[in-house]
Amino acid sequence: MPASDSAEWELPRLRTSFIFQDDYKYLGDDGSVSQDLAEFFDVKFYPYSPPGAPPVFAATSKKHAVICRLTQTTDKDANPCEIIQLIRDDGNEANCASCWSKDPITDQPLLCIAGNEGNVKVYNVTEGKLYRTLVGHGGGINDLATSPANPYIIASASDDTTIRIWSLAPEHEKQPCVCILGGEGHSYDLLSVAFHDNGRYVLSAGHDQVINLWALPEFPNEHMEIPIVIYYPHFSSSEIHNNLVDCVAFYGDLILSRACHEDTIVLWRIEGFSSDDPIPGPLDAPTPTDMTKQTRSYFTPTVSPQSRPAMFTRLAQFHTPDCGVQFFMRFRMYHVPGKHPILAFANAKSKTFFWDLARFGEYARFMADLKEAQQSYNGRVVVVDQGQGISLAQAQQVHGPGVGVVMKPAWLVPKRVKKAPGAAGSGSGTAANGGHNNNNNNNNNNNNNNHETGSQRSFSATNNLSNSGRDKESASMVSASPDPDSPFGFSRETLQAWADMYDLSNPVGLIKAHRSLAIDGAFVGRQVGWSPEGEWCVVVGNGNRALIYQRWGKERGLGSGTPGA
């Protein structure tokens, strides 16, 4: 989307939430009810609905799967969430993982659910009945994933240290397990599994701090007497994290992962890996001949025993504070061609974080344009907010050929600082002109409408408010004054705040969230789900609570397409 399309830059805001009253209780050794452990552990949107259809998601607790439909409403007070099906697991299993598939004959939606019993139960959601059960793991299952390339192929990650690849295709009905990823891959319970978009690569991670990448063979379109067993991953490393890894995912050919106690989500790449290259076979995987090596990779061959080329590279770290000792906390990336990739994560202190990865490139472009204009026009530069609806050509015509015009993304909001007692008047506008402001005070006051209110001091959750609609605390807030030592005219506080959120030049720096939203009450986020078209984001967690966030709302009183939101 072009930078001028303000709606595409909008980040989600909380629309509503609900708590599902579960009847699951934990029985102590003496048979007494010791505590209520009701908790949603997983949420997944049905990915096979036709474009424009109301999205459907499943929130999975230990004994239930709650199937909900989300619809646009014209009233901000109307509940957009409707429960359309409720599935109860009456067995002994405490479930924690789910994924979607569909019936290969009827195309009816299927929901796969798994937990500590180690079986994958497949339910026909339309009928609310058990469709079939996949048996084979020797321990509990902690994660499920569906291949983006084939809705009938799913993967399960288990405490038995293996990943099983299952097929729901009719030809594999008698032997649904088509592949086992095990052997020397992992040594302890697995927590996360993810497919590449092409369906031929799988990531796995867990308690042993190891992240593995496996290349899958092509599976025959006929009955298989025994599953294919792959003993070695094509990439393996315990160097990315220093604690158990509870979430891993592909972002294109890049990888996102997080670990307990680290309070970060790491973006990194495997050197030499490209999904465009031929798929390596099982015999191509490197074997652990030297157990002292913490990383081995098929994609970075060692030329000589003395050479130690980098096998992976850290690219960025997204700051997720206040996770504490909690684990089993999952992020989710919304990544659809032609739309902004948005990363979402909820911590253990009732906050949800959002990062729009398209903003990094726009920020770099803006800072480069600003620097170039400063040099080319000897400091005579005017910064125009794109949210004002003025094009670059129009701005250049107004200011003339002797002034450099730089278009600033509307979501780059100058930081506001608390007004000192007795301090005067209004702050500066957004002109960067080497220490003096060519714009008049009326323009400054108009620009301040894009600044944050006092309740939004993270300056990543900005709304384009009028003066009459500001938070009460905003009366004591003014824009940070221009710094004469700054080459860009913005205050040091503003430039630092922008760098903290949008500067990717330091791969070990902590990138603050572009938007951080808090809710009342204690809440530990467990999983995030995105609707297929990106307009809804659902976060589930303890207390069987689901938070429903929305973008591009059409409801009266909610507004739409706020540039800085």
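Even glycines carry a Cβ here, placed using N, Cα and C.
As recorded in Swiss-Prot:
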type     : residues : note
COMPBIAS : 429-450  : compositional bias 'Low complexity'
COMPBIAS : 451-468  : compositional bias 'Polar residues'
REGION   : 417-488  : region 'Disordered'
REPEAT   : 89-133   : repeat 'WD 1'
REPEAT   : 136-176  : repeat 'WD 2'
REPEAT   : 185-224  : repeat 'WD 3'
REPEAT   : 240-278  : repeat 'WD 4'
REPEAT   : 519-559  : repeat 'WD 5'
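In the predicted model, the repeat 'WD 4' (240-278) shows an average pLDDT of 97. Per-class residue totals from DSSP over the repeat 'WD 3' (185-224), listed helix then strand then coil: 0 helix, 17 strand, 23 coil. Broken down with DSSP, the repeat 'WD 4' (240-278) shows 0 helix, 20 strand, 19 coil.
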